[in-house]
Amino acid sequence: MEVTDIGNKEEGKVWHRKPTPGKGVLVTVVRTAQQAKIVRFLHVTFDTTGDSFLAGDHHGNIYVFDISRNRFRLVQKTGQACTALAFSLRRTTEFLVALADYTIKCFDKDTKQLVSWMRGHEGSVSSISVHSSGRYAISTSSDTAQLWDMDTFERKRKLNIRQSVGIQRVFFLPLSNTILSCFSDDSIFAWESDTLSCKYQLPVPDCGPKVSYKAFAVTRDGKSLAAGGRSNLLHLWCLDSKQLIRVIQMPTQVRTVRQLDFLPDSFDGGASQTLGVLSQDGVMRFINIHTCKLLFHMGSHDDAITTATVSPNGRHVVAIMDNGSINVYSVQSLTQELNKPPPSRVAVVSGGGADQDLSNLKVKVRSEVVQRGRQTQVKILRPPACFTAEEKENELPAGLNKKRLVALLKGFGEYPAKYRMFVWRSLLCLPENHAAYSSLTDKGLHSAYLTLQDKYPIKSHKLQRGLQRVLSALAHWAAIFGEVEYLPLVAFPFVKLFQNNPMLCFEVVATVIVNWGQHWFEYFPNPPLNILSMAENVLAHHDKELLQHLVDCGITSQLYVWPLLETLFSEVLTREEWLRLFDNIFSNHPSFLLLACVAYITCCREPLLLCSQKEDFEYFFHHRNNLDLGAMIKEAYRLMGSTPADIHPRTLLSDFTPLTKGQYPVFNHYPEFIVQYQSREREKIRLQEMEYLRERQEVSALHTDCVRRQAEEEAYYAQQELLQNAEEQRRNILAQEEEKLTQQRTKLAAMKRELKVKELQLLDATKRRFLKHQQDLRASQIQRLDQEISKKMDLRERETATAVQDLEVRQMELEAQRKRLEQHLFKEQERTNMQALEESLAEACQLGLESEWQREVGGRLQQVHAQQQSNRGRLAESHRQTLAEEERLEDTMREVAGRKWDEVMNSRAQLQEQPLSSAETDVRRQMRVVSPPHRPIPAPSVSAGPSAAGPDVRPGPAPPLKQAQTNMVCLNSRSPSESTSTVFSLDRGRAHLDSSERNLMKEIRELRQKLAARAREGGSSPSVLTLSSVLRLPVTHSVLCPPSPSDTLCPLSPSDTLCPLSPSDRLISETYSYLRRQKQTEEHPGC
C-alpha cells in the first residue's frame, strides 16, 4: 500500500508507482502541516463520471483527485472547515461546498472563482443533494431543508418543521422528480419537486423494535430504499408499492448503522443488489440484499472508517479513515476473489460409466461467507461436460446463449437498451476484421458517392461523412454496391446507431445484406421479383381479400412490399419501434423480414381496403401509420409458424451465415454482366464527360483568351482616352491651381490687413478696457464715497427725526403749560379788575360820586377790552403770515432739491455716456478747485414771550442764555383752535445739530482736498465733484427766532477750499436769508 503525503503542494501525482493489481487499497492520501501534524480530511464526493472526486480538509482546503489521470490539484481555499460537498450536474466544473458558518458557496474548479454565495441556514448543513438534471439542489440541516435554483442560485422553497421533530435527510430520488424527506420520528414523505405536493408517505412499522433511521440509500433506478439507524436491522422499502419488503439483520457486532451506500453494477440495470453498511465499529460490510449474504468488507477496528463514498461507475470506493487520511479502494480487487469460481472437488462416483443417468446425481453445495483474505472450500459435483449440436448452435460469442436470448426477447418484447448493441454483435457474430476494413477505407471515397450529399442531404456533417465512408467501403467490397441506388436507405439506420464505430457499422450492414438481403440483386437493376413473389404468395395464402383489393387497384408488390424492404421499415416506424423490430429480426431466421412485411400489410388491412388510388398507397407505404408494433410482431411469428412449407420463405432462403474472420467473403450474387455493362457504360460516360469537359475547357480557354485580348484592347483605348483626359485635367488643374494661388495671395494680403486692423483694434480695445477699468475703479470709489455720505446723511436724518420727536413731545408739554399759564393769568387779571372795579364802585357808592365817574370807569374798561381785541387780531394776522411764509419756503426748498437731484443724475449719466476720447481729454486736464471763503449764515429765530393780559402785566427779565434755550416756547404754528397739529421749535437740539453740521462740513472739506490731490497727481479726473452731488441740504421745519450766540456757524478758514455753489444752493441761501430778515423785521420793528 502506497502512502502519498500531499503536504502544502497545490498539485502533483496521487501515486508515484502504479498500484499492484489485486490489492484492495490503491493509495492512502495524507496531508501533514507544520511539525508533522496531520490535517484531517472531512468529506469526499465523486463527480458524475466516477473518475475524480473532491476532498475537503479541516483547514478549508478543497482538493480534486483524478484517479484516471493520477493527478491531484488544490482548487480552493475557503478558510474554514466544510460540512458537505456536492458536484453540480449541469455545469461539470462547478461544485457546492457547505461551510462552518452555515453558508453554501459555489466554486469553479477550473478557474477557482466564486460563482455564488447562498445564505439562509441557521444551523450546520449536513448534506447537499443535486437533482439529476442539475437544475435544483436541496441543502439539509437539523432544523430545515431548503430548495435552491442552480441557474439563479436563489432559494425557491424552505421546509419548516416543528422543533420536536428533527430532519434526518432530504434528497432527490434518481431518474425522477421526487423529493424524499426523512425525519427523526421514522416518517418518510415523498414530494413532487415541481409542485411540492405530497405524493405519498411510507407507513411507519408498528411491529418490531424501533430502528430510529439515521442512514439512507437509494438504488440508481430509484425503486428501492434502504434505511438503518440505532440497531443492527436494515429496512428495505419498495418505493413503487410503498411497502416494506425485507428486514435484514446485520451481525451482532453491528449495533448502529452510520452510513449506507449501494454499489453500482454495470449489468444490473440500476437495480443495485450490493449494499455497503458502515457501522459504529468503523467496518464497512457489503451484503447482497436478496441473498442476505456478506460479500466482503473494508476497514477494521484498528483502521476504522469514518465515512465512505462509492463512485457512480462502481469501480472505486473512497473512505476517510479515523486518523484523517483517505484510502482509495479498488472494487475490482475487493471482488475478484468473490468473482473467481471456487475450487471444486468432485465426489467419488461409483460406476462412472458413460451411460450413467446424470439426473440421479445429487449435488450438495455448502456456501459460506466469502471474505477478503480467506479461501472458501466448497464441494461441488458437476456432470461431465458434453454438448449437443443444438446447444453448440445456440452458443454465441461473449458467453451468451441464443436460446436464452430469444426467451428473454419473447418475455419482454425487446432487449435491454443498455445492452442492445452488445447483444446484436453477439447475434450477428461480427468478426471485427480491422485489417480488412482498413484496406477498404484506405481506398478512399468511391466515385459513386462523391456527391452523396446532393441526393441525400443530412444536417449532421458527422453523420454524412460516416454514411459516405460506409457506402464507399461497401462499394469497394462489391462493385454492385456502387450501382445500387437504395443502398443509402438500407445503411442509414445502422450508421446512425453505430456512428462512433464505423467498422461495426460496416460489418452489420454487410451481414444484413448477405443474410437478410439474399437474392435481392439477381434481377438488378430491377427490384427482386422473386423475393416480392414470396411475400405476395404468403399474403395470398393468409389474406386473399386484401390481395384481391390490391390487384383490383393495380397495386403490385413493388409498391406495397419493396418500399418496406429497401428502407428496412425506417420510414414507417419510429426509432424505438424499429429497434424492437430488429431485435426480433436478428434473433430469427432471415425469412422473418419478409414475414414482417406481410404482417405489416395484414395489420393495416382496414385502412388499405379504404384506399383506391395509387397515390394513396404510395403515401401509405412511405409514411408512419398508427400501428401496434407488438401486434405486428405477434402476427409475424404467427405467419412464421402457420405458413405452409411450399410457400414459406425459409425453404428458399438460406440460414444465417456470419461474415468470415480475417477477410470478408466474396459477394457475387448479382448479374455481373449487367453490373459490368453499367460499369463500362458509366466508364464510357465518364470518359465522354471528361472529353466533353476537356473540349469545354479548351473552348472556355479560347473564349477566355479572346475575352482577355478584347479586354486588353479595350483597356488600351480606354487607357489612352484616360491619358488624354488626364492631360486635359492636369492642365485644367494647373490653371485652377494658379487661379487658386492668386486668390490665396489676395486672401493672404486681405488677411494681413485684417490682422493688422484686428491688432490695432485689439490694442485700442486693450487701451479702452484699461481706461474703462480705471474709470470703473474711480466710479466705484465715488460710489463708495456716495454711499458713505448717504449713510452719514441717513444717520443725521435719523438723529434729526429723533430730535424732532423729542421736540414735539416737549412742545406739547410747553403748550399745555402755556394754556394753563394763560388761563391762570386771565383769571388773575379778571379777578384783579373785578376787585378794582368793585372797590371803585364801592367807593363811588360810599362817597356818592356822580355817574360821570362811573361812565369814565366803563369807558376805560371798554378801551382795555378793545386793546385786548386788537392785540389778539394782530397776533393772529402775524401768525397767519408766518404760516404762509413757511409754506412758500417749504415749496421753494422742495423745488430746489428736485432740480438739484435732476442735475446730479444728469451729470452722472453724462459721465457714464461720455466717449473715451473726451474722457482721455478730461483726464489730461488739470482741475483747480478754488472756493471763496464761506460766510456763516446765522440761523434766525423769533422767540415769543407770554402775551400781556392787561396793562399791569409786564414781561420779567430775560433768563440766562442756557435756561432760555431750554425753557423757550415758540408759537410758530396755527393756534389750537385752527388746527390740531403742533408746531415746535428746533432750538432745543440746535447745539447738537450745529456740532453735527460742523463735523460733516469738515469731512467734506477733507474729502475734496483728497480728490484735488489725486487729480493733480494723476493728471486727469473723470469728473468734477461738486458740493451739490455730495451734500444734500436737509429741509426742516424750523421756527424763525432771533439769532442766538449758539446759532451762528463758525466761519471757514481761508485754507478751506470748496467748490463754487450751484445756482440752486445760492437760491436756497438767498431765500433763507430773505425770510430770516423779513421775520426779524416783522417781530422786531424797532430793530
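Note: Cβ is positioned from N, Cα and C throughout, glycine not excepted.
Automatic prediction, not curation, is the source of TrEMBL annotations.
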Out of 109-168, 349-408, 709-768, let me know the one TrEMBL marks coiled coil. 709-768
Segment assigned the feature region 'Disordered' in TrEMBL (from 678-705, 930-957): 930-957
Among 318-345, 990-1017, 1018-1045, indicate the range for which TrEMBL gives the feature coiled coil. 990-1017
Across the compositional bias 'Basic and acidic residues' (874-884), what are the DSSP residue counts per state (helix, strand, coil)? 11 helix, 0 strand, 0 coil
Averaged over the coiled coil (990-1017), what pLDDT does the prediction give? 75
